[in-house]
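Structure first, commentary second.
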């Protein structure tokens with residue numbers, strides 16, 4: 001009897017050995033998570049249960065910290081980078097992208113082989129062999145025996161054969177995605193993309209894990225593992241950008257009074273799930289202006305009071321969703337002899353539910369914004385060319401008379417550019433002290449003649465107001481200026497000499513020596529001529545008037 005017990009135990013142990021030896025996907029990819037948690041979710045379209053067996057002979061499994069990881073790739077370690085376009089609205093598609101980052105000086109060529117970059121030196125120096133892995137040669141050698149590509153090693157870890165897409169032999173990496181107790185296998189190159197429909201994904205944060213294998217003869221070697229969180233939500237992912245003219249820093253949610261603020265709503269919908277949905281935007285700006293409903297994703301609003309306000313936005317969209325269950329059929333009436341044929345039986349009239357049902361989805365955005373005083377407007381009302389006492393060949397000065405509205409600026413900046421306003425030539429900023437009228441003169445220097453674009457900015461702590469103008473600076477040739485000055489001086493000198501000559505001629509003609517007589521006529525005539533000459537000399541020779549008292553005495557004597 002004891003021998004029988006030993007024999008039965010041996011049979012049970014022998015029967016159990018294959019079960020213990022065979023690994024399943026959740027054993028390889030479970031990342032130490034309870035398998036029951038993973039299998040609580042609905043089936044993803046195109047994915048398989050991680051209860052399937054894993055071919056460990058073809059795809060060896062290495063635990064974290066295994067020394068074999070160090071030799072999994074020639075020349076260093078390969079890093080896998082996993083990204084997604086999460087968050088995703090339930091029912092939409094979420095896309096995952098894996099990119100492989102090779103060691104320094106390595107890259108994938110057009111044939112899918114890994115080669116060394118030309119003239120790139122790594123720690124081992126320049127390599128004489130251009131290939132890191134020449135998989136094209138391996139593929140030709142391994143599959144040359146039948147030419148069909150149906151070799152037993154061209155299969156995934158679960159035994160399914162590789163899809164023979166055009167150029168599939170150039171795809172030398174096997175990617176195994178794992179989430180929610182299910183897996184997806186993909187053959188690819190150094191970058192792959194996988195999209196998953198989220199209709200059957202449980203709401204909330206979820207974990208995606210990816211294991212990457214490379215070809216190694218007739219088997220595969222693990223080279224990288226990576227994981228990342230993604231989120232599925234029943235709320236429309238909404239973001240709002242806020243911008244305002246003259247606002248100095250739009251990221252601090254502080255804006256200016258009496259200037260419109262532009263609110264632009266961005267709905268995160270990378271799979272275009274809501275492309276055919278009617279979307280409504282309901283705004284509350286928090287300033288007692290009521291609710292504003294629009295179908296436009298952009299709206300402008302102006303706050304006329306300073307203070308802090310609560311902004312609220314609700315987005316509504318009719319999106320494809322699960323159809324509600326059909327109502328239970330009514331109870332059949334009691335049979336009576338007067339009832340007609342069976343086609344009138346209400347049991348045969350069943351409503352077929354609409355497969356394209358719509359469900360309202362909502363998104364929300366809230367923000368607290370602060371409204372303050374600021375510079376609302378700036379204008380250049382006059383430009384004046386400044387005349388310099390000593391003109392320079394390459395320098396001109398121009399005064400800009402500037403006015404502004406709103407708060408008082410504390411700084412002024414000018415940017416001088418080419419006529420297209422694209423190539424900056426000079427930028428100057430300086431503090432400014434302006435009165436309440438906000439009228440100031442800004443003087444700027446220009447190097448050489450020509451046309452310039454001038455951007456003038458007035459700023460304070462919260463605002464920055466800009467205005468622009470095109471000016472033309474004339475030629476400033478110093479020789480030309482000197483000639484103009486000399487010409488002016490010569491003209492004035494000639495005029496003075498001409499007047500002097502005329503005056504002398506008149507004087508000689510009318511002022512000849514005659515004896516002094518007591519005739520009243522001569523006295524009057526002499527006084528009139530003397531007054532004329534005195535005035536002429538006073539105009540042209542103000543510092544050389546005759547003041548000899550002897551002449552005056554003679555005149556007095558003649559008058560007496």
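Here the Cβ of each residue, glycine as well, is placed from N, Cα and C on the backbone.
Since we're looking at a predicted model, the values are computed, not measured.
What TrEMBL says about this one:
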- 321-338: compositional bias 'Pro residues' (COMPBIAS)
- 277-315: domain 'PKD' (DOMAIN)
- 320-347: region 'Disordered' (REGION)
- 1-22: signal peptide (SIGNAL)
- 488-507: transmembrane segment (TRANSMEM)
For the domain 'PKD' (277-315), distant same-chain residues with Cβ under 8 A (at least six beyond the ends): 236, 238, 240, 255, 257-267, 362-373
Per-residue pLDDT averaged over the domain 'PKD' (277-315), given as an integer: 96
Secondary structure content, the domain 'PKD' (277-315) (per DSSP, counts of residues): 0 helix, 24 strand, 15 coil
